[in-house]
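Enquirer: I'd like to ask you about the structure that follows.
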Amino acid sequence: MPQKKLLQKLLAGEDFSQEEMILCMNNIMDGLFSEMVIAALLALLQKKGVTPTETAGAYYSLMEKAVTIELDENAVDTCGTGGDHAGTFNISTTASIIANSAGVRIAKHGNRSVTSSCGSADVLEALGFTIDLPPEATKELFQESGFAFLFAPLYHPSMKRVAPVRRELGIRTIFNILGPLINPARAKRQLVGVFNRELMELYTEVLLQTGARRAMIVHAMTAEGIALDEPSLNGPTHIVEIHRGTVTEHTVYPEDFGLARHSLSEIQGGERDENARIIRQILDGSAPAAHRDAALFTTAMACYVSGKARCIDDGLDIAREALESGKSEKKFNEILKINAELSRKYRSVVN
């Protein structure tokens, strides 16, 4: 289908079939469409509203072109859409560190900041972690520690074709939705935070289509009326849970798990160095209660998604024990040491 027909279909407000979306995305990623055409397609898709079928089609196209890595399908990815503009510190990254120290295998897919002051790649780098290890080094790190960070540009090189267009457009597009879905390790267990409650249904359908084994899709609100793509410490957290094809929905509050309420301002972060300092304080036990509780709440959900915890309450106990025993700080320091050794090893091979 030529670009003109694709554009005409979107102008008429019609949805693409999965096959049409695969064709469209293949042409974009293979450089067969000009930047002007790509911009028009992305803007029209966004105006019409992206469907689960279109998202699944884009997923299949991008995963076909991705540099995939074989780790462990049962590893957990903690990844959010971003875009909530709440300015919280890197909670899901912190949770991945604590969960890993509790025995959860982590395959975290992430990138530098897009909508926030500090993305997962930025804060890990500030903590001393080499984010751009080659895949074979990342595999070694995972085998030794059960932790992997998958830096998106390394595994999705074709995405560089759309980066200038996305920057120039300056609006959310289908690519903002795709980020949490296109984990190059094909992780089948995911904790996904979304900035808009309407996206929960879309993610549910796409995760079911693409074979998620267990997933939690989370959207929350603060008492101040701010939307969050992570659990809330002072308002409702809406959850859609997927487990072997079965979908359940529920809403929880921090006090359901014995957590105190904290205002949004208490869990807001800043630039990469500030957020790295917050994570270090959480790990060494010197953090304020709000920072600690935000990390524990998300970690509890990651432990539950992994199957290590029977429920969120159980996950909270597991997370708290790992953190308060010093296990989390010790394990993360071990990860940093292995990461540095692998960075030196593979740099010397390249040189």
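Quick reminder: no glycine exception, Cβ is built from N, Cα and C everywhere.
In case it helps, Swiss-Prot gives these features for our protein:
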type	residues	note
BINDING	Gly80, 83-84, Thr88, 90-93, 108-116, Ser120	5-phospho-alpha-D-ribose 1-diphosphate binding site
BINDING	Gly80, Asn111	anthranilate 1 binding site
BINDING	Ser92, Glu230	Mg(2+) 1 binding site
BINDING	Arg166	anthranilate 2 binding site
BINDING	Asp229, Glu230	Mg(2+) 2 binding site
Enquirer: Could you state the CA-to-CA distance between Asn111 (anthranilate 1 binding site) and Ser92 (5-phospho-alpha-D-ribose 1-diphosphate binding site) to the nearest Å?
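Expert: Asn111 (anthranilate 1 binding site) and Ser92 (5-phospho-alpha-D-ribose 1-diphosphate binding site) have their Cα atoms 13 Å apart.
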Enquirer: Using all protein chains shown, find which of the binding-site residues Thr88, Asn111 scores highest when you count other CB atoms within 10 A of its CB.
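Expert: Comparing the binding-site residues Thr88, Asn111, the most crowded Cβ belongs to Thr88.
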Enquirer: Specify the nearest of the binding-site residues Gly80, Ser92, Arg112, Asp229 to Arg166 (anthranilate 2 binding site), where nearness means the distance between Cα atoms.
Expert: Arg112
Enquirer: Near Glu230 (Mg(2+) 1 binding site), which binding-site residues out of Gly80, Ser92, Arg112 have their CA within 10 Å?
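Expert: Cα filter at 10 Å returns Gly80, Ser92.
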Enquirer: Taking DSSP as the reference, which of helix, strand or coil describes Thr88 (5-phospho-alpha-D-ribose 1-diphosphate binding site)?
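Expert: The residue in question, Thr88 (5-phospho-alpha-D-ribose 1-diphosphate binding site), is strand (DSSP, three-state).
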Enquirer: Which of the three DSSP-derived classes (helix, strand, coil) applies to His109 (5-phospho-alpha-D-ribose 1-diphosphate binding site)?
Expert: strand
Enquirer: Including all protein chains shown, what's the count of other C-beta atoms within 10 A of the C-beta of Gly80 (5-phospho-alpha-D-ribose 1-diphosphate binding site)?
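Expert: I count 26 other Cβ atoms within 10 Å of it.
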Enquirer: Just how many other Cβ atoms lie inside 10 Å of the Cβ on Glu230 (Mg(2+) 1 binding site)?
Expert: 26
